[in-house]
Amino acid sequence: MVSRNEAAEFLRGADDILILCHQYPDGDTLGSATALCRGLQKLGKRAMIKCSDPIVPKYDYLFGGVEKQEFTPKAIVAVDIADTQLIGEPNQSLYGEKIDLCIDHHPSNMGYAKRSCVDPKAAATCEIIFDVLNLLNVEIDRQIADCLYTGITTDTGCFKYINVTPRTYRIAADLVEKGADGNRINREMFDTKSRARIGMERRVMETIRYYYDNRVAVIKITLEMIRSTGATEGDIEGLASIPRAIEGVLVGVSLREKPDGTCKVSLRARPPINASDICAAFGGGGHAGAAGCTFDTTMDQAEKQMLEEIRKHI
């Protein structure tokens, strides 16, 4: 494990830096990558970003003005990635065993990198990137501030999840003072929905089932739903939070059918339930409030196994 200062010193001495995001990219991995890339380029270094999956359009603004550079990397940095399996292909095969530095906030981080800068107390990896950029004496301009703010607000559910700390608010305030357009970002991330998203919400709510005295709620997302509504990855993002929002529910389970026949499970939990502990039983992980895992089974089989494990924690 390395400190923020040691992570900054490594980056100070590195060049031709490749920054990796995780598959199914969210605001924190993208905000971390774009903020770090911008900061490194400001220092005169060559830096580029790679993600195995397409970036949904609502995050396009994060990349505006980032100089596109191509080179053979001499240093590889993973941001917001707890396990190399989450890098996705082809980047996992290409770079999974060559990562020089991991910057992350997941308590389930597997320590796969040569240097791991991991702080589970940080509400978002962007909080750590904020510190690293300051240690590198990078001026945080409006564009970097937007990137960091995006990661923080999306990983805290617009500052309403239990991972928020007083320091989270202080960093966010500092970013707004530096020009981050918090109002616009929050509106676009949380209050703007496509017709396809509304259609997905309607279909998903029809699948809700309750278990264990209504303390557990399960939803299903099928390939047919996605096809019929025309939903994109951006429209699907965040659906996993629907069941946890129901009064009295301690654990929300989202089951998503994948084209390869697997089932992606996303858990959202309220105290005292720990979602990461539940998912760890199936090789997954994450945070106490939000975690995930993948089953090589049908959705019905995955649901049965997940409910059996949840019973041990309720």
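Here the Cβ of each residue, glycine as well, is placed from N, Cα and C on the backbone.
If you check TrEMBL, you get these features:
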type: DOMAIN; residues: 17-152; note: domain 'DDH'
type: DOMAIN; residues: 221-311; note: domain 'DHHA1'
Treating G and I as helix alongside H, and B as strand alongside E, what does DSSP give for the domain 'DHHA1' (221-311) in helix, strand and coil? 36 helix, 23 strand, 32 coil
What is the three-state DSSP composition of the domain 'DDH' (17-152), stated as helix, strand and coil residue counts? 53 helix, 21 strand, 62 coil
